[in-house]
Amino acid sequence: MHCQNSFFIWSFLSLLTIYQDHVASEIVCEPGQRATHSKTKCEPCPDNQYNPKKGSSIECRNCEPCGLYSYKISDCTSISNTKCLCHSGFIPYDKTLKRCKCPIGSGIINSENGIPICEKCPPNTFTDKSNSKCEPQHVLIIPGTATSDVSSVNEVVPPSSPLSFSQTSTSTPTTAPTASRNDFTTSTPATSIPELHDSRAHAIWLASPAAFLLLILILKLSGCSKKKIDIVRQGSECGKPIEESGEKFIPAV
């Protein structure tokens, strides 16, 4: 029994010694280096690869180029990756700054040297997707009817246009014809409303004297007719006593 216990103790000590020797012999490489497959020595990272910290890894990391809408500010080295920055107005997708985007509400334009710039969309323009150019907003004036006021819906209005209608705004018929006459053919009916009112007022003004004269003529004719009726009635009353007396009228021979 004593011999068996001694054997277990000796086996444990042997394994512990082997492990300590292995740990002591494991190599640790400096940044910019990697361990060989045998892990007996270190070697520099290959070109376009880097290792930023100490370790016993047998691999280095690949250098990453600057990506979408970013530019390089420093090259990749054996201990650091390529460093990038976003172009003016762009925002990064992540902390590496290797890929950037122009957010919604801003548009991409090209500068004189061809470098892209992201700027906030000017008035009357918009973007509803990232990494796009500003497009003109859409407004169209619809003429009013007998049961509805003038309203606006989507239609292209160039950014340089003096119009500044909101997409849900309404306006009165007196202001809408000017804008619609200059820029939109669909709102032509609204422009004829003032002219129609003027022509009606002119016609009423001309018809008023004629109606007054016609009324006087009707009154005079009705007065003459009444006088004639009274004369006829008086003549008929003069003949009644002869008929009522019972005498016969004998005409002269």
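Numbering starts at 1 and runs along the chain as displayed.
Cβ atoms here come from the backbone N, Cα and C positions, even for glycine.
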Among Cys60, Cys63, Cys76, Cys84, cysteine joined to Cys66 by disulfide in TrEMBL: Cys84
Specify the nearest of the disulfide-bonded residues Cys45, Cys60, Cys76 to Cys66 (disulfide bond), where nearness means the distance between Cα atoms. Cys76
Pop the mean pLDDT for the domain 'TNFR-Cys' (44-84) in here, whole number is fine. 95
Given Cys84 (disulfide bond) and Cys76 (disulfide bond), what distance in Å do their CA atoms have, once rounded to a whole number? 10
Could you state the CA-to-CA distance between Cys60 (disulfide bond) and Cys76 (disulfide bond) to the nearest Å? 13
Distance check, please: Cα of Cys63 (disulfide bond) against Cα of Cys45 (disulfide bond), rounded to an integer number of angstrom. 11
